[in-house]
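Trainee: In case it helps, Swiss-Prot gives these features for our protein:
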type: TOPO_DOM; residues: 1-11; note: topological domain 'Cytoplasmic'
type: COMPBIAS; residues: 124-136; note: compositional bias 'Basic and acidic residues'
type: COMPBIAS; residues: 137-149; note: compositional bias 'Acidic residues'
type: REGION; residues: 190-299; note: region 'Catalytic subdomain A'
type: BINDING; residues: Asp283, His285, His417; note: Mn(2+) binding site
Amino acid sequence: MLLRKRYRHRPCRLQFLLLLLMLGCVLMMVAMLHPPHHTLHQTVTAQASKHSPEARYRLDFGESQDWVLEAEDEGEEYSPLEGLPPFISLREDQLLVAVALPQARRNQSQGRRGGSYRLIKQPRRQDKEAPKRDWGADEDGEVSEEEELTPFSLDPRGLQEALSARIPLQRALPEVRHPLCLQQHPQDSLPTASVILCFHDEAWSTLLRTVHSILDTVPRAFLKEIILVDDLSQQGQLKSALSEYVARLEGVKLLRSNKRLGAIRARMLGATRATGDVLVFMDAHCECHPGWLEPLLSRIAGDRSRVVSPVIDVIDWKTFQYYPSKDLQRGVLDWKLDFHWEPLPEHVRKALQSPISPIRSPVVPGEVVAMDRHYFQNTGAYDSLMSLRGGENLELSFKAWLCGGSVEILPCSRVGHIYQNQDSHSPLDQEATLRNRVRIAETWLGSFKETFYKHSPEAFSLSKAEKPDCMERLQLQRRLGCRTFHWFLANVYPELYPSEPRPSFSGKLHNTGLGLCADCQAEGDILGCPMVLAPCSDSRQQQYLQHTSRKEIHFGSPQHLCFAVRQEQVILQNCTEEGLAIHQQHWDFQENGMIVHILSGKCMEAVVQENNKDLYLRPCDGKARQQWRFDQINAVDER
């Protein structure tokens, strides 16, 4: 009986052992599939370091920034974060809304999280590095040269956004630097840089292409951080999706403003959060060459009062093709306070020690500019009362030159910039730019502001309607011991010094017969541009002309170009003060509306050929297409 009972219980024991064995296997599988959090984080971080494009840089940014603080309800206004002091005139409620939080503060931040915020966990990095692609590649998913030329619809900023979205976020630009630049080796002890990108409803592709271009071209030893400042964008893709994308990028921070600041004050917001030695303000639609940052840092390290800029190349807003600047140029201005590029004068070119020597520039371009962070703050930063954007580069340049600093363009630093379609600029932007120019004139030009108002009647009218309050900036000038604008004209840009009275006629040049206006529609270098007729537009600087007391017709911007004649076609050439060429640039504007070329005795006529409406010299016969009129300019002598 006992033996029979033993055999009866043996199958039960075997079943129990098998059950324990199966349970153990299940627990082992669960442990393998779901490791502890710290083990998983170490594994993912190791894989990301192995495969990420940034792994080749010399130093690490430190602990990765895994969290982005963001509003739970994107429709609500953001609230400021605590512990962040205000800067100049920006109130705290205008400042912060989202920052990348270091991993070391993650638990503390989670404990303080309020009901209106949430923490977004950093997604896993991709295991494979995104390949860099060249122009015109024909692989699947890439854009060939023929496809780049295919027309796409424009977005509100005049950008081919659909085409841009098809171009890789990481692509190699053609090498356009001077061979001597490639022989330069940066110092190991350069200052660090904070690159600040401000955007408002920027295209997703151009924004991130700018970010990746910086990360791919700058050694980590020199890049402290990239700070993205969202100036109240409304596009949904630039909200949570951007926060989550930025959380994957080491060294990239995201700030959000709860009010529309404009590019000028948004840059100031980014500057308050920057920790690098040097501030680099860059538009959010740029692409950088390798080695673009090191020359900027090196020049600032040699003199902390230098304001420096790279050579700005052109990325076509229609095709996204890259067009490098061929000749050395400097940034200048005219009496309407318009910025433009000018080929280096012969005496400046001869003074350069080499083709890669720094270029003294009267004005720095606004697209990319770098300066010492403490110098920027101690000299008053940007003018916080300027609206939106426009003219901030002039104010920065005048302040540098007149208050003990200098402005340079560095040929070995190259950055491509998308110059968006001018016609896409809103009337609000144009009004803000005009208002900013009035502030600059009242603050920095002194008695020469009268010359500005003579060249810009609309600015004169605005200054009479609303007198700007410039007391704070004038006090800043006295505190810094700044020089007068006369010193700038005598020592920095003597070519600008006014040498003649107000032009006899100015404004748009209307053709009576066709109802159109004289225009130059060339892109890029406009030297030799044939003059044509186009629909009249108050916003096109290319239609602003001046008939001077020397019988010249000056192109509005840049003003060093004049109407000339080549094979009886009216074109733009450099204004000439001596020699035979000057006679090709003399025009008599008669009371009957005809414009007579004095040397030939012929009249300027609008000639229609197929789809073109060009300007040619023809025998004077008084026909409607030879009748012209300039805009009427209100007198400003009573000021």
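Heads up, the Cβ atoms here are built off N, Cα and C, so glycines get one too.
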Trainee: Here are some binding-site residues: His285, His417. Which one has the most Cβ atoms within 10 Å of its Cβ?
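Mentor: Per the Cβ count, the most surrounded site is His285.
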Trainee: Average the per-residue pLDDT over the topological domain 'Cytoplasmic' (1-11) and send me the rounded value.
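Mentor: A mean pLDDT of 50 is what the predicted model shows over the topological domain 'Cytoplasmic' (1-11).
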Trainee: Count the Cβ atoms, other than its own, that fall within 10 Å of the Cβ of Asp283 (Mn(2+) binding site), considering every protein chain shown.
Mentor: 23
Trainee: What does the DSSP secondary structure composition of the region 'Catalytic subdomain A' (190-299) look like, as residue counts for helix, strand and coil?
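Mentor: Reading the DSSP string over the region 'Catalytic subdomain A' (190-299) gives 43 helix, 29 strand, 38 coil.
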